[in-house]
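According to TrEMBL, the protein has these features:
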type     : residues : note
DOMAIN   : 3-116    : domain 'SMP-30/Gluconolactonase/LRE-like region'
BINDING  : 9, 58    : divalent metal cation binding site
ACT_SITE : 58       : active site, proton donor/acceptor
């Protein structure tokens, strides 16, 4: 169990499903945990990435190469991290608050980013006409993964 979490975000798993990633936005941390898929238990919590002050890790996604993408609330960015936590790519957005991401499309090569207007000042809102919009970028040489389907009857029996 994960305890003492302020605002939970960015839940995703490594390709082998043995590492769980989880962002606790107010602490500026994305954590890694060892994950046991047989018992759905986590252990060995450790820091994966720490963001700067006033930039908060939000939604995350793992791509087919095992890299972790993270939307950065307050930072106007989406960052792609190597599995070791090093920044591989930073995508700057025309808005301050990136909220979440998904990789989808017919070929799983669209980066889909949501954003928010919430907490922006009147001046920011006048300068960020696209705040609150959804952005879609075509990825080149990068693909996402099909999301697994849950068998609800197995969960609740």
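Going from the start of the chain as shown, residues are counted 1 onward.
For all residues, glycine too, the Cβ spot is worked out from N, Cα and C.
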C-beta crowding around residue 9 (divalent metal cation binding site), within 10 angstroms: 22
DSSP-assigned states of the domain 'SMP-30/Gluconolactonase/LRE-like region' (3-116) in counts, ordered helix, strand, coil: 3 helix, 68 strand, 43 coil
Arithmetic mean of per-residue pLDDT over the domain 'SMP-30/Gluconolactonase/LRE-like region' (3-116): 95
